[in-house]
Amino acid sequence: MWTVKLLKADHVPSDFREPFIITGYRSCRCTVLTCLFSALQHTNETLNFWTHFAGFLFFVWQMYQTGDRYWSYNDPFTWAFTAYLISCCIYLLTSSWAHLFSCMSEWFRHVCFFLDYGALSVYSFGCALVYSHYVFPTDYMGTWLHRAFIPLAFINGGCCTMLACSSRLMHEGRLRKLFRMLAFMLPYFCCSVPLLYRLAFCQGSECEAESFPSHRRQFCWAFLTGFLYASHFPERLAPGRFDIVGHSHQIFHVCGMMATYSQFQAVSVDWSRGGM
């Protein structure tokens, strides 16, 4: 009864198509119930939904575990870490629901991904909060650079959200892709500058900090995430073969989740030790 009819790429509007993905598309006029039931069927968006929804459930559990053991409303030192965990939950939940409900109409598809881009900026601001409180280089704490870090991260996130949203309204494919990549990369890179500085210019025993291996793994996963988003590998090599399982956006979600998890592990250590 609730089987979702799947279509080929040439049967859906161009805005609903993904490069090198030939089959597994849902109708662009799905109802809410149809979208919900499609999460249990073999569409080209099913694993896009579950990879981030599972991540959302994991971080909700982590937030519960952390709050149950350590969080105190009267301890301001815990606030930034709590805000960071909330931002992780927001971006993962918003992304999963955007992929699930983006086939209701062209207008609603734009709305879904506008919210998705905004949630990524919320996450980048959450990263800026924990980096400012627990990771910022000791030599620069209290300087104008430290004081300006959070406001600049907020402005940067807002501007990049507008850039990502406006890219959806562009007709030239390569320019649209470039703008969207810049909108995703700039907040991440700018928020990571204090950490990159700390990793590059550490001295003596500081270079053996317990959190450093996880921080480095985070950047490896982030690089792989960006590569997959830009390259459309492996479906580029065999269009149609990876439509349901194994296409780049699914692997991109998994790698992004692993980057976030590595970041969470590292920041957890920095936070529990009272900062780096």
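Every residue gets a Cβ built from N, Cα and C, even glycine.
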Determine which of H99, H110, H133 appears in TrEMBL for the same Zn(2+) site as H249, H253.
H99
Sort out the residues at least 6 away from either end of the transmembrane segment (178-197), same chain, that have Cβ-Cβ distances under 8 Å to it, and list them.
117, 120-121, 124-125, 127-128, 131-132, 135-137, 140, 149, 152-153, 156-157, 160-161, 163-164, 166-167, 170, 215, 219, 222, 226, 229-230
Going along the chain, which residues six or more apart from H253 (Zn(2+) binding site) have their CB under 8 A from its CB?
L47, N48, T51, H52, G55, S95
Residues lining the Zn(2+) site besides H99, H249, H253 (CB within 8 A of their CB center) are E45, L47, N48, F49, T51, H52, S95, Q250, F252
For H253 (Zn(2+) binding site), just give me the three-state DSSP call.
helix
